[in-house]
Ligand code: S3P
(Lines of atoms letter the chains of each structure in order from A and count residues from 1; the text may use other names and numbers.)
(Lines give C-alpha, C1' and ligand atoms only; values in the text may rest on other atoms or scores of the structure.)
Protein backbone atom coordinates (compact mmCIF):
# COMPACT_ATOMS: atom_id res chain seq x y z
CA UNK A 1 0.00 0.00 0.00
CA UNK A 2 1.37 3.43 -0.94
CA UNK A 3 -0.32 6.71 -0.09
CA UNK A 4 0.38 9.91 -2.01
CA UNK A 5 -0.78 13.48 -1.71
CA UNK A 6 -4.53 14.06 -2.25
CA UNK A 7 -5.85 16.99 -4.27
CA UNK A 8 -9.17 16.70 -2.49
CA UNK A 9 -11.41 14.34 -0.54
CA UNK A 10 -15.07 14.29 -1.50
CA UNK A 11 -17.98 12.03 -0.75
CA UNK A 12 -20.26 10.28 1.64
CA UNK A 13 -19.08 7.24 3.58
CA UNK A 14 -20.12 4.83 6.34
CA UNK A 15 -17.62 3.46 8.82
CA UNK A 16 -17.86 -0.02 10.42
CA UNK A 17 -19.76 -0.67 13.64
CA UNK A 18 -18.53 0.53 17.00
CA UNK A 19 -15.93 -1.86 18.41
CA UNK A 20 -16.80 -1.32 22.08
CA UNK A 21 -20.53 -1.85 21.44
CA UNK A 22 -19.94 -4.89 19.20
CA UNK A 23 -17.84 -6.65 21.89
CA UNK A 24 -20.40 -5.90 24.56
CA UNK A 25 -23.32 -7.02 22.39
CA UNK A 26 -21.78 -10.49 22.06
CA UNK A 27 -20.80 -10.75 25.73
CA UNK A 28 -24.07 -9.50 27.17
CA UNK A 29 -26.07 -11.56 24.67
CA UNK A 30 -24.19 -14.71 25.72
CA UNK A 31 -25.11 -14.29 29.41
CA UNK A 32 -28.71 -13.28 28.70
CA UNK A 33 -31.70 -15.50 28.16
CA UNK A 34 -33.05 -15.77 24.64
CA UNK A 35 -31.76 -14.37 21.40
CA UNK A 36 -29.70 -11.23 20.87
CA UNK A 37 -29.48 -9.84 17.35
CA UNK A 38 -26.78 -7.37 16.38
CA UNK A 39 -26.89 -5.46 13.10
CA UNK A 40 -23.99 -3.27 12.06
CA UNK A 41 -21.59 -5.51 14.05
CA UNK A 42 -17.88 -4.78 13.53
CA UNK A 43 -16.59 -7.76 11.56
CA UNK A 44 -12.99 -7.11 12.60
CA UNK A 45 -10.45 -9.43 14.22
CA UNK A 46 -10.92 -8.09 17.77
CA UNK A 47 -14.69 -8.62 17.92
CA UNK A 48 -14.29 -12.01 16.24
CA UNK A 49 -11.97 -12.96 19.14
CA UNK A 50 -14.87 -12.25 21.49
CA UNK A 51 -17.20 -14.42 19.40
CA UNK A 52 -14.59 -17.24 19.41
CA UNK A 53 -14.27 -17.13 23.22
CA UNK A 54 -18.02 -17.45 23.81
CA UNK A 55 -18.39 -20.20 21.20
CA UNK A 56 -15.64 -22.04 23.11
CA UNK A 57 -17.89 -21.79 26.20
CA UNK A 58 -20.86 -23.41 24.46
CA UNK A 59 -22.70 -20.36 23.13
CA UNK A 60 -24.24 -20.78 19.70
CA UNK A 61 -23.41 -17.66 17.67
CA UNK A 62 -24.10 -17.27 13.97
CA UNK A 63 -22.42 -14.53 11.97
CA UNK A 64 -23.05 -13.28 8.48
CA UNK A 65 -20.73 -10.29 7.99
CA UNK A 66 -22.19 -7.50 10.18
CA UNK A 67 -25.26 -9.50 11.24
CA UNK A 68 -24.76 -11.58 14.38
CA UNK A 69 -27.22 -13.75 16.30
CA UNK A 70 -26.33 -14.94 19.78
CA UNK A 71 -28.35 -17.69 21.46
CA UNK A 72 -27.80 -16.69 25.07
CA UNK A 73 -27.84 -19.19 27.92
CA UNK A 74 -28.38 -16.85 30.86
CA UNK A 75 -26.05 -15.70 33.61
CA UNK A 76 -25.14 -19.27 34.61
CA UNK A 77 -25.20 -21.03 31.23
CA UNK A 78 -21.53 -20.90 30.15
CA UNK A 79 -19.63 -24.19 29.88
CA UNK A 80 -15.99 -24.68 30.90
CA UNK A 81 -13.84 -24.19 27.79
CA UNK A 82 -11.82 -27.26 26.84
CA UNK A 83 -8.75 -25.19 26.05
CA UNK A 84 -7.19 -21.79 26.64
CA UNK A 85 -9.44 -18.98 25.38
CA UNK A 86 -7.80 -16.98 22.57
CA UNK A 87 -8.30 -13.22 22.97
CA UNK A 88 -6.06 -12.33 20.01
CA UNK A 89 -5.00 -8.66 20.11
CA UNK A 90 -8.03 -7.50 22.08
CA UNK A 91 -7.70 -5.73 25.42
CA UNK A 92 -11.47 -5.29 25.62
CA UNK A 93 -12.05 -9.04 25.23
CA UNK A 94 -9.39 -9.83 27.83
CA UNK A 95 -10.49 -7.43 30.52
CA UNK A 96 -14.26 -7.71 30.14
CA UNK A 97 -14.38 -11.49 29.78
CA UNK A 98 -12.22 -11.80 32.91
CA UNK A 99 -15.03 -10.19 34.92
CA UNK A 100 -17.49 -12.77 33.58
CA UNK A 101 -15.06 -15.70 34.04
CA UNK A 102 -14.44 -14.68 37.65
CA UNK A 103 -18.09 -15.45 38.38
CA UNK A 104 -18.13 -18.95 36.84
CA UNK A 105 -17.97 -22.20 38.80
CA UNK A 106 -15.04 -23.45 36.65
CA UNK A 107 -11.37 -22.66 36.12
CA UNK A 108 -10.46 -21.11 32.78
CA UNK A 109 -7.42 -19.55 31.19
CA UNK A 110 -6.88 -17.06 28.40
CA UNK A 111 -4.05 -15.78 26.26
CA UNK A 112 -3.50 -13.66 23.17
CA UNK A 113 -0.84 -12.31 20.83
CA UNK A 114 2.53 -10.75 21.67
CA UNK A 115 1.01 -7.29 22.21
CA UNK A 116 -1.68 -8.52 24.60
CA UNK A 117 0.96 -10.36 26.61
CA UNK A 118 2.61 -7.01 27.37
CA UNK A 119 -0.53 -5.13 28.47
CA UNK A 120 -1.14 -4.55 32.18
CA UNK A 121 -3.66 -6.90 33.76
CA UNK A 122 -2.82 -6.02 37.38
CA UNK A 123 -5.51 -3.36 37.01
CA UNK A 124 -8.19 -6.10 36.81
CA UNK A 125 -6.44 -8.71 38.96
CA UNK A 126 -6.52 -6.32 41.95
CA UNK A 127 -10.30 -5.66 42.08
CA UNK A 128 -11.26 -9.20 41.05
CA UNK A 129 -9.07 -10.58 43.86
CA UNK A 130 -10.75 -8.19 46.31
CA UNK A 131 -14.06 -9.69 45.19
CA UNK A 132 -12.76 -13.15 46.13
CA UNK A 133 -11.87 -14.41 42.64
CA UNK A 134 -8.73 -16.48 42.03
CA UNK A 135 -7.01 -14.68 39.17
CA UNK A 136 -3.38 -15.34 38.37
CA UNK A 137 -0.92 -14.04 35.82
CA UNK A 138 0.51 -17.42 34.78
CA UNK A 139 3.99 -15.98 34.14
CA UNK A 140 3.68 -13.84 37.28
CA UNK A 141 4.42 -10.65 35.33
CA UNK A 142 1.02 -8.93 35.70
CA UNK A 143 0.10 -9.76 32.09
CA UNK A 144 -1.68 -12.51 30.13
CA UNK A 145 -1.74 -15.50 30.04
CA UNK A 146 -4.23 -15.44 32.90
CA UNK A 147 -5.83 -18.24 34.86
CA UNK A 148 -9.19 -17.45 36.40
CA UNK A 149 -10.68 -19.78 38.97
CA UNK A 150 -14.32 -19.60 39.78
CA UNK A 151 -15.09 -18.71 43.38
CA UNK A 152 -18.09 -17.15 45.11
CA UNK A 153 -17.76 -13.40 44.63
CA UNK A 154 -18.51 -10.68 47.12
CA UNK A 155 -19.74 -7.22 46.19
CA UNK A 156 -17.15 -4.47 46.67
CA UNK A 157 -16.72 -0.77 46.15
CA UNK A 158 -13.65 -0.20 44.01
CA UNK A 159 -11.81 3.11 43.69
CA UNK A 160 -10.11 2.68 40.35
CA UNK A 161 -6.76 4.46 40.00
CA UNK A 162 -7.28 4.72 36.20
CA UNK A 163 -10.09 6.10 34.05
CA UNK A 164 -10.61 2.85 32.15
CA UNK A 165 -13.89 1.52 30.82
CA UNK A 166 -12.31 -1.91 30.57
CA UNK A 167 -11.51 -1.95 34.29
CA UNK A 168 -14.91 -0.47 35.21
CA UNK A 169 -16.72 -2.97 32.98
CA UNK A 170 -14.72 -5.92 34.30
CA UNK A 171 -15.72 -5.10 37.90
CA UNK A 172 -19.37 -4.41 36.98
CA UNK A 173 -19.60 -7.71 35.07
CA UNK A 174 -18.12 -9.61 38.02
CA UNK A 175 -20.68 -7.70 40.11
CA UNK A 176 -23.45 -9.52 38.20
CA UNK A 177 -22.26 -12.68 40.00
CA UNK A 178 -21.87 -11.14 43.49
CA UNK A 179 -24.52 -10.70 46.19
CA UNK A 180 -25.47 -7.06 46.72
CA UNK A 181 -24.25 -3.88 45.10
CA UNK A 182 -20.86 -3.61 43.40
CA UNK A 183 -19.65 -0.13 42.53
CA UNK A 184 -16.67 1.49 40.83
CA UNK A 185 -15.48 5.08 41.15
CA UNK A 186 -13.14 6.41 38.48
CA UNK A 187 -10.89 9.48 38.58
CA UNK A 188 -12.55 10.73 35.36
CA UNK A 189 -15.60 9.22 33.66
CA UNK A 190 -14.70 6.73 30.91
CA UNK A 191 -16.93 5.47 28.10
CA UNK A 192 -20.29 4.32 29.48
CA UNK A 193 -21.45 1.71 26.95
CA UNK A 194 -21.56 -1.05 29.58
CA UNK A 195 -23.87 1.00 31.79
CA UNK A 196 -26.19 1.96 28.90
CA UNK A 197 -26.29 -1.48 27.32
CA UNK A 198 -26.53 -3.65 30.44
CA UNK A 199 -29.46 -1.56 31.59
CA UNK A 200 -31.15 -2.34 28.24
CA UNK A 201 -30.55 -6.09 28.87
CA UNK A 202 -32.37 -5.75 32.22
CA UNK A 203 -29.61 -5.18 34.78
CA UNK A 204 -30.15 -2.82 37.70
CA UNK A 205 -27.21 -0.52 36.96
CA UNK A 206 -26.77 3.16 37.77
CA UNK A 207 -24.28 5.96 37.11
CA UNK A 208 -23.94 8.93 39.40
CA UNK A 209 -21.06 11.27 38.68
CA UNK A 210 -17.85 9.26 38.77
CA UNK A 211 -19.48 6.13 40.22
CA UNK A 212 -21.26 3.28 38.45
CA UNK A 213 -23.00 0.55 40.47
CA UNK A 214 -24.76 -2.72 39.72
CA UNK A 215 -26.98 -5.08 41.68
CA UNK A 216 -25.91 -8.74 41.52
CA UNK A 217 -28.00 -11.67 40.29
CA UNK A 218 -30.36 -10.10 37.73
CA UNK A 219 -32.07 -11.94 34.90
CA UNK A 220 -30.82 -10.54 31.60
CA UNK A 221 -32.86 -10.82 28.42
CA UNK A 222 -31.66 -10.89 24.81
CA UNK A 223 -31.98 -7.64 22.84
CA UNK A 224 -32.00 -6.35 19.26
CA UNK A 225 -29.20 -3.83 18.86
CA UNK A 226 -28.31 -1.64 15.92
CA UNK A 227 -24.60 -0.98 16.34
CA UNK A 228 -23.76 2.56 15.19
CA UNK A 229 -20.61 3.50 13.28
CA UNK A 230 -17.45 3.77 15.38
CA UNK A 231 -16.27 7.34 16.07
CA UNK A 232 -12.73 5.92 16.46
CA UNK A 233 -12.91 4.79 12.80
CA UNK A 234 -14.70 7.98 11.71
CA UNK A 235 -11.82 9.92 13.32
CA UNK A 236 -9.47 9.12 10.41
CA UNK A 237 -11.88 10.64 7.92
CA UNK A 238 -12.73 13.59 10.18
CA UNK A 239 -9.05 14.51 10.29
CA UNK A 240 -8.53 13.73 6.59
CA UNK A 241 -11.42 16.02 5.58
CA UNK A 242 -10.08 18.84 7.77
CA UNK A 243 -6.42 18.69 6.70
CA UNK A 244 -6.73 17.94 2.96
CA UNK A 245 -7.44 20.82 0.58
CA UNK A 246 -10.79 21.23 -1.28
CA UNK A 247 -12.45 18.57 0.86
CA UNK A 248 -16.04 17.91 1.82
CA UNK A 249 -16.80 14.62 3.56
CA UNK A 250 -19.99 13.31 5.15
CA UNK A 251 -19.62 10.35 7.53
CA UNK A 252 -23.01 8.77 8.11
CA UNK A 253 -24.39 7.13 11.24
CA UNK A 254 -21.61 7.65 13.79
CA UNK A 255 -21.89 7.06 17.54
CA UNK A 256 -21.50 10.47 19.22
CA UNK A 257 -21.86 9.39 22.85
CA UNK A 258 -20.29 12.28 24.83
CA UNK A 259 -18.00 9.83 26.65
CA UNK A 260 -16.45 9.07 23.23
CA UNK A 261 -16.79 12.24 21.20
CA UNK A 262 -13.92 14.40 22.48
CA UNK A 263 -12.41 14.57 19.00
CA UNK A 264 -15.35 16.69 17.81
CA UNK A 265 -14.73 19.32 20.50
CA UNK A 266 -10.97 19.31 19.85
CA UNK A 267 -11.48 19.63 16.08
CA UNK A 268 -13.72 22.66 16.79
CA UNK A 269 -11.20 24.14 19.28
CA UNK A 270 -8.52 23.85 16.57
CA UNK A 271 -10.67 25.82 14.13
CA UNK A 272 -12.09 22.84 12.18
CA UNK A 273 -15.27 23.07 10.14
CA UNK A 274 -17.17 20.17 11.63
CA UNK A 275 -20.89 19.81 12.19
CA UNK A 276 -23.26 17.14 13.45
CA UNK A 277 -26.35 16.51 11.33
CA UNK A 278 -29.42 14.37 11.83
CA UNK A 279 -28.75 13.81 15.56
CA UNK A 280 -30.81 10.95 16.96
CA UNK A 281 -30.82 8.09 19.49
CA UNK A 282 -30.33 4.52 18.19
CA UNK A 283 -30.44 1.53 20.55
CA UNK A 284 -29.91 3.89 23.49
CA UNK A 285 -26.82 5.62 22.03
CA UNK A 286 -26.55 9.11 20.49
CA UNK A 287 -25.86 8.94 16.75
CA UNK A 288 -25.29 11.63 14.09
CA UNK A 289 -23.89 12.19 10.62
CA UNK A 290 -20.60 14.12 10.77
CA UNK A 291 -19.83 16.69 8.09
CA UNK A 292 -16.31 18.12 7.69
CA UNK A 293 -14.71 20.47 5.19
CA UNK A 294 -11.11 21.66 4.70
CA UNK A 295 -10.03 24.01 7.46
CA UNK A 296 -7.20 26.26 8.59
CA UNK A 297 -6.28 24.65 11.88
CA UNK A 298 -4.36 26.03 14.85
CA UNK A 299 -2.81 24.23 17.83
CA UNK A 300 -4.44 23.86 21.25
CA UNK A 301 -3.96 22.17 24.61
CA UNK A 302 -5.57 18.75 25.07
CA UNK A 303 -5.60 17.67 28.73
CA UNK A 304 -7.71 16.80 31.77
CA UNK A 305 -11.19 15.28 31.74
CA UNK A 306 -11.49 15.21 27.94
CA UNK A 307 -8.63 12.67 27.58
CA UNK A 308 -10.65 9.45 28.19
CA UNK A 309 -13.23 10.66 25.64
CA UNK A 310 -10.63 10.69 22.84
CA UNK A 311 -7.91 8.34 24.06
CA UNK A 312 -8.01 6.06 20.99
CA UNK A 313 -8.12 9.06 18.63
CA UNK A 314 -4.93 10.70 19.97
CA UNK A 315 -2.66 9.22 17.26
CA UNK A 316 -4.76 10.76 14.48
CA UNK A 317 -5.27 13.95 16.54
CA UNK A 318 -1.44 14.16 16.67
CA UNK A 319 -1.45 14.02 12.86
CA UNK A 320 -4.03 16.83 12.83
CA UNK A 321 -1.80 18.83 15.21
CA UNK A 322 1.17 18.34 12.87
CA UNK A 323 -0.91 20.04 10.15
CA UNK A 324 -2.09 22.89 12.40
CA UNK A 325 -0.27 26.18 12.86
CA UNK A 326 1.39 26.62 16.25
CA UNK A 327 1.85 24.29 19.19
CA UNK A 328 -0.42 21.52 20.40
CA UNK A 329 0.27 20.09 23.85
CA UNK A 330 -1.21 16.74 24.84
CA UNK A 331 -1.09 16.05 28.61
CA UNK A 332 -2.62 13.59 31.12
CA UNK A 333 -2.50 10.82 28.53
CA UNK A 334 0.02 8.38 30.07
CA UNK A 335 -2.47 5.59 29.24
CA UNK A 336 -1.23 5.90 25.64
CA UNK A 337 1.86 3.96 26.73
CA UNK A 338 -0.16 0.79 27.47
CA UNK A 339 -2.28 0.55 24.33
CA UNK A 340 -1.67 -1.88 21.43
CA UNK A 341 1.73 -0.17 21.17
CA UNK A 342 3.34 2.55 23.31
CA UNK A 343 1.55 5.25 21.35
CA UNK A 344 3.60 8.12 22.77
CA UNK A 345 6.71 6.42 21.34
CA UNK A 346 5.17 5.14 18.09
CA UNK A 347 3.44 8.43 17.20
CA UNK A 348 6.62 10.39 18.02
CA UNK A 349 8.90 8.12 15.96
CA UNK A 350 6.68 8.19 12.88
CA UNK A 351 5.83 11.90 12.98
CA UNK A 352 9.53 12.71 13.45
CA UNK A 353 10.38 10.53 10.44
CA UNK A 354 7.86 12.58 8.44
CA UNK A 355 9.70 15.78 9.39
CA UNK A 356 7.47 17.04 12.20
CA UNK A 357 8.81 18.84 15.27
CA UNK A 358 7.46 16.63 18.09
CA UNK A 359 8.70 16.06 21.63
CA UNK A 360 7.43 13.13 23.68
CA UNK A 361 6.67 13.72 27.37
CA UNK A 362 5.81 11.38 30.25
CA UNK A 363 2.09 11.81 29.73
CA UNK A 364 1.72 13.04 26.17
CA UNK A 365 3.56 15.04 23.54
CA UNK A 366 4.26 18.55 22.28
CA UNK A 367 3.79 19.09 18.58
CA UNK A 368 4.92 22.20 16.73
CA UNK A 369 2.78 22.03 13.63
CA UNK A 370 2.55 23.72 10.28
CA UNK A 371 5.73 22.39 8.62
CA UNK A 372 5.38 20.31 5.44
CA UNK A 373 5.41 16.53 6.05
CA UNK A 374 7.39 14.12 3.89
CA UNK A 375 6.47 10.54 2.99
CA UNK A 376 8.32 7.70 4.68
CA UNK A 377 7.84 4.04 5.59
CA UNK A 378 5.63 3.93 8.65
CA UNK A 379 6.64 1.58 11.45
CA UNK A 380 3.25 0.35 12.63
CA UNK A 381 4.41 -1.95 15.45
CA UNK A 382 1.34 -3.93 14.30
CA UNK A 383 -0.87 -1.28 15.93
CA UNK A 384 -3.97 -0.72 13.77
CA UNK A 385 -4.49 2.86 14.91
CA UNK A 386 -0.89 3.80 14.07
CA UNK A 387 -1.24 2.36 10.55
CA UNK A 388 -4.50 4.22 9.81
CA UNK A 389 -3.48 7.51 11.45
CA UNK A 390 -0.34 7.65 9.33
CA UNK A 391 -2.21 6.74 6.15
CA UNK A 392 -4.04 10.02 6.77
CA UNK A 393 -0.75 11.89 7.29
CA UNK A 394 0.35 10.44 3.93
CA UNK A 395 -2.50 12.30 2.19
CA UNK A 396 -0.79 15.65 2.90
CA UNK A 397 2.86 14.53 2.73
CA UNK A 398 5.27 15.13 -0.14
CA UNK A 399 6.31 11.85 -1.75
CA UNK A 400 5.12 8.37 -0.93
CA UNK A 401 4.03 6.97 2.42
CA UNK A 402 4.31 3.18 2.79
CA UNK A 403 3.98 0.77 5.73
CA UNK A 404 6.13 -2.01 7.14
CA UNK A 405 2.88 -3.97 7.57
CA UNK A 406 -0.59 -2.53 7.16
CA UNK A 407 -2.40 -5.85 7.70
CA UNK A 408 -3.06 -4.80 11.33
CA UNK A 409 -5.93 -2.58 10.08
CA UNK A 410 -8.05 -5.78 10.14
CA UNK A 411 -8.25 -5.47 13.94
CA UNK A 412 -10.81 -2.66 13.77
CA UNK A 413 -11.29 -1.68 10.11
CA UNK A 414 -10.67 -4.40 7.51
CA UNK A 415 -11.84 -2.22 4.58
CA UNK A 416 -10.12 1.01 5.65
CA UNK A 417 -8.07 1.49 2.47
CA UNK A 418 -11.09 0.77 0.24
CA UNK A 419 -13.16 3.44 1.99
CA UNK A 420 -10.27 5.87 1.84
CA UNK A 421 -9.70 5.40 -1.88
CA UNK A 422 -13.45 5.89 -2.53
CA UNK A 423 -13.17 9.57 -1.49
CA UNK A 424 -9.64 10.52 -2.48
CA UNK A 425 -9.05 12.48 -5.68
CA UNK A 426 -5.40 12.45 -6.73
C1 S3P B 1 -12.42 0.30 25.52
C2 S3P B 1 -11.86 1.11 26.46
C3 S3P B 1 -10.61 1.86 26.26
C4 S3P B 1 -10.23 1.94 24.79
C5 S3P B 1 -10.37 0.62 24.12
C6 S3P B 1 -11.81 0.13 24.17
C7 S3P B 1 -13.68 -0.40 25.82
O8 S3P B 1 -9.55 1.18 26.95
O9 S3P B 1 -8.93 2.43 24.66
O10 S3P B 1 -10.00 0.71 22.75
O11 S3P B 1 -14.35 -0.90 24.89
O12 S3P B 1 -14.05 -0.46 27.01
P13 S3P B 1 -9.24 1.47 28.50
O14 S3P B 1 -10.36 0.94 29.31
O15 S3P B 1 -7.95 0.73 28.75
O16 S3P B 1 -9.08 2.95 28.62
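Backbone N, Cα and C define each Cβ position, glycine as well.
Bear in mind that the values here come from a model prediction, so they are computed numbers and not experimental data.
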Co-listed 3-phosphoshikimate-binding residue [TrEMBL; alongside 19, 20, 24, 164, 166, 312] among 139, 206, 339: 339
Neighbour count (Cβ, 10 Å) for residue 343 (phosphoenolpyruvate binding site): 25
Distance, residue 166 (3-phosphoshikimate binding site) to residue 91 (phosphoenolpyruvate binding site) (CA atoms, angstrom): 8
Local confidence of the domain 'Enolpyruvate transferase' (4-420) - pLDDT mean: 98
Entries of 20, 24, 119, 164, 166, 312 (binding-site residues) sitting next to ligand 1, with Cβ under 6 Å as the cut-off: 20, 164, 166, 312
Alpha-carbon distance [residue 385 (phosphoenolpyruvate binding site); residue 19 (3-phosphoshikimate binding site)] in Å: 13
Rounded to the nearest Å - Cα separation of residue 24 (3-phosphoshikimate binding site) and residue 385 (phosphoenolpyruvate binding site): 21
Maximum Cα-Cα separation (Å), residues 19, 20, 24, 164, 166, 312, 339 listed as binding 3-phosphoshikimate: 19
